[in-house]
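What follows is a set of notes on a single structure, which appears directly below.
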Amino acid sequence: MMKPSMLRSLHAAMSRGSSHLARRGYATDPVPERKVAILGAAGGIGQPLSLLMKLNPLVSSLSLYDIGGTPGVAADVSHINTRSEVVGYQGEENLGKALEGADVVIIPAGVPRKPGMTRDDLFNINAGIVKSLATAIAKYCPHALVNMISNPVNSTVPIAAEVFKKAGTYDEKRLFGVTTLDVVRAKTFYARKAKVPVAEVNVPVVGGHAGITILPLFSQATPQANLDGDVIQALTKRTQDGGTEVVEAKAGKGSATLSMAYAGAIFADACLKGLNGVPDVVECSFVQSTVTELPFFASKVRLGKNGVEEVLGLGSLSDFEKQGLENLKGELKSSIEKGIKFANQ
Ligand SMILES: NC(=O)c1ccc[n+]([C@@H]2O[C@H](COP(=O)([O-])OP(=O)(O)OC[C@H]3O[C@@H](n4cnc5c(N)ncnc54)[C@H](O)[C@@H]3O)[C@@H](O)[C@H]2O)c1
Ligand SMILES: O=C(O)C[C@H](O)C(=O)O
């Protein structure tokens, strides 16, 4: 994640110029050019995510696409004095230009939940949106890393995979369901209960991204704390219901946008670092997997120059987590199958 100090150093380096750096004996490796496209950039997640990606010094070109509203968002963030050039693209006829040359495509396009809805209730609208966006990605930037935020992630990722397979461009190393918000929540809730500094906390979250398919592994949380079983159960439930907590608090005005933009920016930053060859970049993500018998599963993933370098195993689980893993498989399997079936209709 970029820090203000990194931004300041980047600005300073750019204004001094690389020859100056060379004279002073600093490494002069340029930061590679990287284009990031955000599809759904004018939405509740898209706008703050556009801001956060504009602040990321690893981005040289920021392409903001939506069916409407992107010229304004692009004009706004383009005035921020950071590295990237920003262009807004509006309307389907401009989607190709938005995508061409993209290294990372982030997709928060689609409708959000209202109180009383499940993520699966979004399927009818969002499945079609994701299918058409994935078709365009296969055509215009088949080698990009795709960060899928649109819900239901448990189905939209399999939809994109099927579209890419049909187009002959599928590379399982390059398709990611963004589950970082589950990790962000698990870290926050754990730090409060365990009374440890939140910045030091790590908690893997595995499975999928809906209700009981979200399985935080608090037995592996660090720093360790001896929390009672009932506290762990409550933390697990709160993490699983985190999205619903926000949907209810927003009372009809959508779902998590700001925390999601933060989480999306962390995950995209990790993808960019991996592409740039930074070692040991590990994040949880919903990817094609052999960790369980399910074809897609969220677990820790090592990111590298080609996207997924390694899908990491689950490690040792508590009895409570083993049970949670068994309980989630049925729902996750049917959400995956629903996505595959839709894409092949
Ligand atoms: N993965 C996660 O953890 C997570 C977290 C929060 C929200 N979400 C999901 O993200 C999605 C977006 O949420 P939001 O709050 O930003 O919604 P929003 O309605 O505020 O914004 C969605 C944007 O998508 C745009 N859009 C619609 N169809 C499009 C298309 N064909 N091409 C490009 N853009 C299109 C809309 O114009 C709008 O600007 C929802 O599906 C929501 O459930 C996922
Ligand atoms: O809960 C939602 O519908 C949005 C998102 O998946 C979340 O976890 O916040």
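Heads up, residue numbers simply count up from 1 along the chain you see.
The backbone N, Cα and C atoms fix where each Cβ goes, glycine too.
For HIS209, the entry in TrEMBL reads active site, proton acceptor. Counting Cβ atoms from all protein chains shown, HIS209 (active site, proton acceptor) has 28 others lying within 10 Å of its own Cβ.
If you look up TrEMBL, you'll see GLY40, ALA41, ALA42, GLY43, GLY44, ILE45, GLY46, ASP66, ASN126, ILE149, SER150, ASN151, MET260 marked as NAD(+) binding site. Other C-beta atoms found within 10 angstroms of the C-beta of GLY44 (NAD(+) binding site) number 19, with every protein chain shown included.
Sequence-distant neighbours of ASN151 (substrate binding site): residues of the same chain at least 6 apart with a C-beta under 8 Å from its C-beta are GLY110, PRO112, ARG113, ARG119, LEU122, ASN126, HIS209, ALA210. The substrate binding site feature in TrEMBL is assigned to ARG113, ARG119, ASN151, ARG185.
Summarising the annotation, TrEMBL assigns domain 'Lactate/malate dehydrogenase N-terminal' to 35-177.
Among the features that TrEMBL reports, domain 'Lactate/malate dehydrogenase C-terminal' is placed at 179-342.
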Go through the binding-site residues GLY40, GLY46, ASN151, ARG185 and pull out the ones with a Cβ less than 6 angstroms from some atom of ligand 2. ASN151
If you measure between the CA atoms of SER150 (NAD(+) binding site) and ARG185 (substrate binding site) and round to the nearest Å, you get 18
For the domain 'Lactate/malate dehydrogenase N-terminal' (35-177), the number of residues DSSP places in helix, strand and coil: 66 helix, 28 strand, 49 coil
Three-class DSSP assignment, ARG185 (substrate binding site), comes back as helix
